[in-house]
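Visitor: Quick paste of what Swiss-Prot says about this protein:
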{"type": "DISULFID", "residues": "24-41", "note": "disulfide bond"}
{"type": "DISULFID", "residues": "34-62", "note": "disulfide bond"}
{"type": "DISULFID", "residues": "47-51", "note": "disulfide bond"}
{"type": "DISULFID", "residues": "66-77", "note": "disulfide bond"}
{"type": "DISULFID", "residues": "78-83", "note": "disulfide bond"}
{"type": "SIGNAL", "residues": "1-21", "note": "signal peptide"}
């Protein structure tokens, strides 16, 4: 009887511990379980010299505290599973220009 009770206690502790693990996106479609002590998900975005052509750079991940943004960065943090989805950009991207598009533009 004591063995059964001890087994139930161990299983309960393990299950409760797993329930506290936060899941965050680490890439556009890759959620992972955060390490112990990291209870926040974050999304960090910033521009580089190619930002006008390719859009902002994005870093997703887990953190113990919300990262402090540098002057050129935007950072958001949240604390529920998979709450840091890859951003959907509202800005339209320029149309690629090449031989085929030039022919299509001038029939």
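Using N, Cα and C of the backbone, Cβ positions are placed for all residues, glycine too.
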Visitor: Restricting to the same chain and to sequence separations of six or more, state which residues have a Cβ under 8 Å from that of residue 83 (disulfide bond).
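Guide: Non-local contacts for residue 83 (disulfide bond): 24, 41.
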Visitor: Checking the contact step here: among the disulfide-bonded residues 47, 51, 77, which have a Cα within 10 Å of the Cα of residue 62 (disulfide bond)?
Guide: 77
Visitor: Quick one: pull the CA-CA distance for residue 66 (disulfide bond) versus residue 34 (disulfide bond), whole Å only.
Guide: 14
Visitor: Which of these disulfide-bonded residues has the least crowded Cβ, counting other Cβ atoms within 10 Å: 24, 47?
Guide: 47
Visitor: Radius 10 Å, atoms counted are CB only; among the disulfide-bonded residues 34, 41, 51, which position scores highest?
Guide: 41
Visitor: Tell me whether residue 51 (disulfide bond) sits in a helix, a strand or coil according to DSSP.
Guide: helix
Visitor: Just to be sure I understand the packing, how many Cβ atoms besides its own are within 10 Å of the Cβ of residue 78 (disulfide bond)?
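Guide: Other Cβ atoms within 10 Å of residue 78 (disulfide bond): 16.
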